[in-house]
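Trainee: Below, the features straight out of TrEMBL:
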| type | residues | note |
| --- | --- | --- |
| BINDING | Cys181, Cys192, Cys219, Cys223 | Zn(2+) 2 binding site |
| BINDING | Cys181, Cys183, Cys186, Cys191 | Zn(2+) 1 binding site |
| BINDING | Cys186, Cys219, Cys225, Cys229 | Zn(2+) 3 binding site |
| BINDING | Arg251, Gly252, Trp253, Asn320, His321, Tyr362, Lys390 | S-adenosyl-L-methionine binding site |
| BINDING | Cys323, Cys389, Cys391, Cys396 | Zn(2+) 4 binding site |
| DOMAIN | 37-95 | domain 'Chromo' |
| DOMAIN | 179-237 | domain 'Pre-SET' |
| DOMAIN | 240-363 | domain 'SET' |
| DOMAIN | 385-401 | domain 'Post-SET' |
Amino acid sequence: AWYVPCLASLETLQELCRKENLRCKSIGITNRNLKSYEVEYLCDYKVEEGTKYYLVKWKGWPESSNTWEPKKNLKCPLLLQNFLSDKNEYLSRVREGKALKVRNHVKALKPAVADYIVKKAKQRIALQRWKEELNRKKNHKAMILVENTVDLEGPPLDFYYINEYKPAPGINVINGITTGCECTDCPTEKCCPKEAGFILAYNKQKKLKIQPGLPIYECNSFCRCGPDCPNRIVQKGTPYSLCIFRTNNGRGWGVKTLQKIKTNSFVMEYVGEVITSEEAERRGQLYDNQGNTYLFDLDYDSDEFTVDAARYGNVSHFVNHSCDPNLQVFNVFIDNLDLRLPRIALFSTRTIKAGEELTFDYQMKGSIDLTSDSADGLSPSRKRIRTVCKCGAVCCRGYLN
């Protein structure tokens, strides 16, 4: 389904809700503030006759209802702290990053400063709502955080979080498998991988033990083994809390881990719309004009299908390229044994420290046609223009293609 963003502004929706006495948590109208006032953020500052005043945006009320309130009436220390921090951040940038001392005798803020503070406050709220939305939609226990300390960029306007492939009409990503293994102890008996002619992909510590290029066959929904089976890893989703963050070197959004990740561990799955190669070619031409694309060819056995994560995807949508990556691509088969439609899993190639950015090489087998707007890339199979790589690795090839 294609979603159409609401054309009404947040203020208009809030006014309509209040007029009709309606509650709507998603736009800030709750029982708590329907008839009362709660500070949402602070917009401006001034001093009159020795008294400090702040211009208050009330939660669930339009900006036309903003009022000047003396500091003594405000019981919002965190919002006051954010206001001061945003003001100093803006002024420091104006002064070319030099440390700036707060001058207590300032009687009023310049319009440009107040405008930045309001934009930063709105961004903070938008990112918080986006984080809550992502965590509502995910199907794994680990948390997803969002962070932007670099610029005023907010959540992507045309991105929808999904947990698994979204097939285009006529494409079946579940091939109707009706049988599974009869194992009671999957690592020692003739399990699903052996039936497919391959070895079990994981060791006793549930870490990957096969070489890149070999497929992973996990137990499926018809297998006798239970959810604790050591051959059920990718299907459980990412076990690590991750943070979508804004990079400070022009690569847009990126993803970092908030927990230590050991070598050969499953980190995340790459999902999106599954489309035909013909449709991918058509979309690719449109994406080239925009300077980005998220097309990932499913070329394990053939090149009939492609995953497009431009509008529908999960956290992997935001993972950047690196010529020295810490993630590796593997093809996975679970409830669909069609070799044309593998699931794409990303495993760690080494120990990854908490706070470290997650990356994979867009030129890996199976990811030749994948580029990201966060790397300012163009699809190498569709463009001959060489795109400069910004990964910063010692072994950087200099170009994405």
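From the backbone N, Cα and C atoms, a Cβ is placed for every residue, glycine too.
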Trainee: Which Cβ among the binding-site residues (Cys223, Cys323, Cys396) has the fewest C-beta neighbours inside 10 Å?
Mentor: Cys396
Trainee: Around Cys229 (Zn(2+) 3 binding site), how many other CB atoms lie within 10 A of its CB?
Mentor: 21
Trainee: Other than Cys181, Cys192, Cys219, Cys223, which residues of the same chain sit close to Zn(2+) 2? List them in sequence order, counting a residue when its Cβ is within 8 Å of the Cβ centroid of the site.
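Mentor: Filtered neighbour residues, in order: Gly180, Cys183, Cys186, Cys191, Glu218, Asn220, Phe222, Arg224, Cys225, Cys229, Asn231.
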Trainee: Near Arg251 (S-adenosyl-L-methionine binding site), which of the binding-site residues Cys181, Cys192, Cys323 can be found within 10 Å, Cα to Cα?
Mentor: none
Trainee: Taking each of Cys186, Cys225, Cys229, His321 in turn, which of these binding-site residues have a Cα lying within 10 angstroms of the Cα of Cys219 (Zn(2+) 2 binding site)?
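Mentor: Within 10 Å Cα-Cα: Cys186, Cys225, Cys229.
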Trainee: Just going by other Cβ atoms within 10 Å, which of the binding-site residues Arg251, His321, Lys390 has the emptiest spot?
Mentor: Lys390
Trainee: What is the Cβ neighbour count of Cys391 (Zn(2+) 4 binding site) at a 10 Å cut-off, with all protein chains included?
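Mentor: Cys391 (Zn(2+) 4 binding site): 22 neighbouring Cβ atoms within 10 Å.
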Trainee: Tally every other Cβ atom lying within 10 Å of the Cβ atom of Cys191 (Zn(2+) 1 binding site).
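Mentor: Around the Cβ of Cys191 (Zn(2+) 1 binding site), 25 other Cβ atoms lie within 10 Å.
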Trainee: Among the binding-site residues listed here (Cys191, Cys389, Cys391), which has the Cα closest to the Cα of Asn320 (S-adenosyl-L-methionine binding site)?
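Mentor: When the Cα distances are compared, Cys391 comes out closest.
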Trainee: Which residues in the same chain, at least 6 apart in sequence, have a Cβ under 8 Å from the Cβ of Cys192 (Zn(2+) 2 binding site)?
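Mentor: Within the chain, Cys192 (Zn(2+) 2 binding site) has Cβ neighbours under 8 Å at Gly180, Cys181, Tyr217, Glu218, Cys219, Asn220, Cys223, Asn231.
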Trainee: Whole-number Å distance between the CA of Cys183 (Zn(2+) 1 binding site) and the CA of Cys323 (Zn(2+) 4 binding site)?
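Mentor: The separation of the Cα atoms works out to 41 Å.
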Trainee: Return the count of C-beta atoms lying within 10 angstroms of the C-beta of Cys219 (Zn(2+) 2 binding site), excluding that atom itself.
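Mentor: Taking every protein chain into account, the count is 25.
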Trainee: Looking at the binding-site residues Cys186, Gly252, Cys323, Cys389, Cys391, which ones sit with their CA no more than 10 Å from the CA of Cys225 (Zn(2+) 3 binding site)?
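Mentor: Taking Cys186, Gly252, Cys323, Cys389, Cys391 one by one, the ones whose Cα falls within 10 Å of Cys225 (Zn(2+) 3 binding site) are Cys186.
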